[in-house]
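Novice: The following block contains the structure, expressed as structure tokens.
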Amino acid sequence: MSVSALSPTRLPGSLSGLLQVAALLGLLLLLLKAAQLYLHRQWLLRALQQFPCPPFHWLLGHSREFQNDQELERIQKWVEKFPGACPWWLSGNKARLLVYDPDYLKVILGRSDPKAPRNYKLMTPWIGYGLLLLDGQTWFQHRRMLTPAFHYDILKPYVGLMVDSVQIMLDRWEQLISQDSSLEIFQHVSLMTLDTIMKCAFSYQGSVQLDRNSHSYIQAINDLNNLVFYRARNVFHQSDFLYRLSPEGRLFHRACQLAHEHTDRVIQQRKAQLQQEGELEKVRRKRRLDFLDVLLFAKMENGSSLSDQDLRAEVDTFMFEGHDTTASGVSWIFYALATHPEHQHRCREEIQGLLGDGASITWEHLDQMPYTTMCIKEALRLYPPVPSVTRQLSKPVTFPDGRSLPKGVILFLSIYGLHYNPKVWQNPEVFDPFRFAPDSAYHSHAFLPFSGGARNCIGKQFAMRELKVAVALTLVRFELLPDPTRIPIPIARVVLKSKNGIHLRLRKLH
């Protein structure tokens, strides 16, 4: 009698055979993956061979040199040692070219290469595909659609709203300060810049500085800054599935929820306002619309309105970009002036001479403070709010010095490295506002606090106006002094932050 193929006596042998086949397939896949990684490493070595760099570990790359938030310090050292650009190996088969030469940056920013998708995709659950992350024709359409929201006619009335937000912050400071005590200012400045963007761009009535719910949004943005930065540098967190299972992934998901709840509330409130009698007609009579109204009334080239997903992505993007980068700029400018009292005093004299006894400030005043503007620009050079951007070459490039790169290489455009490049700026660590005197000359791409080229910051003029208003009104009311016991340590995140906060002592004037 024959024995069935499914009988118990045959099962162990069949199972053993299946396991052997599975093990063989697994080994084959591992070998194929290893070969793929090896070939990619060899391609990178050939692609970057014209650019010297420090020795790196075959598996870990330069990662050991960038531990404990030493990225900015390490970049400064490489800028001094390796002219123009330097390969940065994140691991044995993953590298990007660190670029900090103005001629190189002029070439790259003058092209239409996309942002490096792997780097920026980590931000998509947070801000979606808005202007920051879009590429190609869709980016061009959105940019053209939003540009009217930043016309001078729109920006002029915003000065009064900026003044209101800054004065609320300064009133709060008067209540908090005591003799010789210091204040961590970044949180306060973040609320002020969020207040400003809400009033100016989103038609918000009231002040988020007086609303406790806004504090959770600020904390969520701070958490997202840190989480995106650390995830980009953790090889085990590149998988979305594995990241969602980790404690960091769960915190990221919760922070995204908090940020989205805030922006959804803003959109729904404005939509509700537009349903009120007379409000829609009032908006239609405006010569130019503010940011949110541009989005709500927008028509794409095919005649369709923005989808809810696209609308929220643009609001999330501008809510973050419009307040967090400016908060970084204002806070570091205050610190720079606090540590250079002679320049702070001269700025105050200029502002007092302009405003007289009153503290009101107008659009016209903002172009009549040359020395204060010089100090603001020098602080932005030392502390660029966005320390870097990335690009992935869509075609080969040859730089002015003859060195070239093939298609596919990822470039890390270090604004921070550029601003500390001693071949571009003499004594780059010295605070010297006269670098930006009206008669001074410097390379067109030597100073890029708002990036450059077609993808420069769309809100550049808005941000500069806000910086000037904040500095002018603050210096009229307070003397800024450093806290020698808590010197801020700049660290690279999506936005330039301080590892230990920015603490200043404030002395009320008059």
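Numbers here mean position along the shown chain, with the first residue as 1.
Backbone N, Cα and C define each Cβ position, glycine as well.
Computed from a predicted structure; not experimentally measured.
Reproduced below are the annotations present in Swiss-Prot:
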- 11-31: transmembrane segment (TRANSMEM)
- Glu321, Cys457: heme binding site (BINDING)
Novice: Taking DSSP three-state, what's Cys457 (heme binding site) in: helix, strand or coil?
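Specialist: Its secondary structure by DSSP: coil.
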Novice: Which residues of the same chain, at least 6 positions away in sequence, have a Cβ lying under 8 Å from the Cβ of Glu321 (heme binding site)?
Specialist: Leu132, Cys457, Gly459
Novice: With every protein chain in view, how many other Cβ atoms are within 10 Å of the Cβ of Cys457 (heme binding site)?
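Specialist: Within a 10 Å radius of the Cβ of Cys457 (heme binding site) lie 22 other Cβ atoms.
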